[in-house]
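Chemist: Quick one: the structure is below, questions incoming.
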Amino acid sequence: MQWYLVAALLTVLTSSQGILTTLSQSNGKYKYDYATIPFLAELFKLSFSSFFLWKECQSSSPPRMTKEWRSIRLYLVPSVIYLIHNNVQFATLTYVDPSTYQIMGNLKIVTTGILFRLVLKRKLSNLQWMAVVLLAVGTTTSQVKGCGDAPCDSLFSAPFQGYMLGILSACLSALAGVYTEYLMKKNNDSLYWQNVQLYTFGVIFNMGWLIYGDFKAGFERGPWWQRLFNGYSITTWMVVFNLGSTGLLVSWLMKYSDNIVKVYSTSMGMLLTMVLSVYLFNVRATLQLFLGIVICIISLQMYFMPVNMLVELPQALPVTSK
């Protein structure tokens, strides 16, 4: 499968995630425990990967699987990073409003590029660096409200701790992505075997988060497994399937492409969500959204277009004999 087909599908699924999540609400509230969504998505990814790993093991040429603990334990790290990131995310939102947090989240685009260079030793050209910065500018522009709106007034009025936590959140998100790419490419193990290790720890940590929530609430609603499917509808299951499928596509890109492609896919997905929201939820289209889309398209072209298509090479002069 070509990487650009996977990237396009990831863009569609990313844009669908926010829309499906909104549609799963009833009167602006969730009837289900939204903390169960990541757990079920991890369980779906683990089941999917386990099935196809089993299919590979039944073939005439068994897949390569590194089973030493010193290798397996490395797959624990992304789950730890995401656990820290989730806590930092909640802490950040106590200091800043959601709009400011979303705008600061675009810093992960640039930090991904920096870690891409430092950790994976992948060099970007000057033009590609400009494209990455433009992508961050474009996505930020699309999310900025009009200067007469409250979100615009509050953008620079948050406490200093809020901005520091927002930067830390962006760095942790980028670090998790870059580290996952390092894991996927460090050997020639089967993608499904790598996924099984990654998602096993994901299931364990998400289950631990649900148990922690029960203890924190004093088991007022009973243990998490008794209310696991409470309030679930067809739309809710679509959210689970969408989130799980998105994770599987991301792991494919980490293995066979890179983090920058993933960043472009998810960023374009966010822009597509905004455009679709104009038609589905009567959200007002803004000049900022239009300008952000234009900037991101220019960035996309700058990053992926071959150099010989960007510069018209001079034609060789005909040789004349004297």
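Yeah, the Cβs are placed from backbone N, Cα and C, and that goes for glycine too.
Feature table excerpt (Swiss-Prot):
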type: TOPO_DOM; residues: 24-33; note: topological domain 'Lumenal'
type: TOPO_DOM; residues: 55-75; note: topological domain 'Cytoplasmic'
type: TOPO_DOM; residues: 97-100; note: topological domain 'Lumenal'
type: TOPO_DOM; residues: 121-126; note: topological domain 'Cytoplasmic'
type: TOPO_DOM; residues: 145-157; note: topological domain 'Lumenal'
type: TOPO_DOM; residues: 179-198; note: topological domain 'Cytoplasmic'
type: TOPO_DOM; residues: 220-233; note: topological domain 'Lumenal'
type: TOPO_DOM; residues: 255-262; note: topological domain 'Cytoplasmic'
type: TRANSMEM; residues: 3-23; note: transmembrane segment
type: TRANSMEM; residues: 34-54; note: transmembrane segment
type: TRANSMEM; residues: 76-96; note: transmembrane segment
type: TRANSMEM; residues: 101-120; note: transmembrane segment
type: TRANSMEM; residues: 127-144; note: transmembrane segment
type: TRANSMEM; residues: 158-178; note: transmembrane segment
type: TRANSMEM; residues: 199-219; note: transmembrane segment
type: TRANSMEM; residues: 234-254; note: transmembrane segment
type: TRANSMEM; residues: 263-283; note: transmembrane segment
Chemist: Quickly jot the same-chain residues contacting the transmembrane segment (234-254) by Cβ under 8 Å, restricted to those at least six beyond its ends, or write none.
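Modeler: Same-chain contacts beyond the flanks: 1, 3, 6-7, 9-10, 13-14, 16-17, 20-21, 23-24, 32, 37-38, 40-42, 44-45, 48-49, 177, 180-181, 183-185, 191, 194-195, 198-199, 261-262, 265.
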Chemist: Return the stretch with the most CB pairs under 8 A relative to the transmembrane segment (263-283), choosing among 34-54, 76-96, 101-120, 127-144, 158-178.
Modeler: 127-144
Chemist: Residues sitting near the topological domain 'Lumenal' (220-233): Cβ under 8 Å, six or more positions beyond its termini, same chain?
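Modeler: Counting only partners 6 or more residues beyond its ends, the topological domain 'Lumenal' (220-233) has Cβ contacts under 8 Å with 24, 30-33, 35-36, 40, 210-211, 213-214.
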Chemist: Out of 76-96, 127-144, 158-178, 199-219, which stretch has the largest tally of CB pairs under 8 angstroms to the transmembrane segment (34-54)?
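Modeler: That would be 199-219.
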Chemist: What parts of the chain pack near the topological domain 'Lumenal' (24-33), using Cβ distances under 8 Å and only residues at least 6 beyond its ends?
Modeler: 224, 227-233, 235-236, 238-239
Chemist: Across the topological domain 'Cytoplasmic' (255-262), what does the pLDDT come to on average, as a whole number?
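Modeler: So the average pLDDT across the topological domain 'Cytoplasmic' (255-262) works out to 95.
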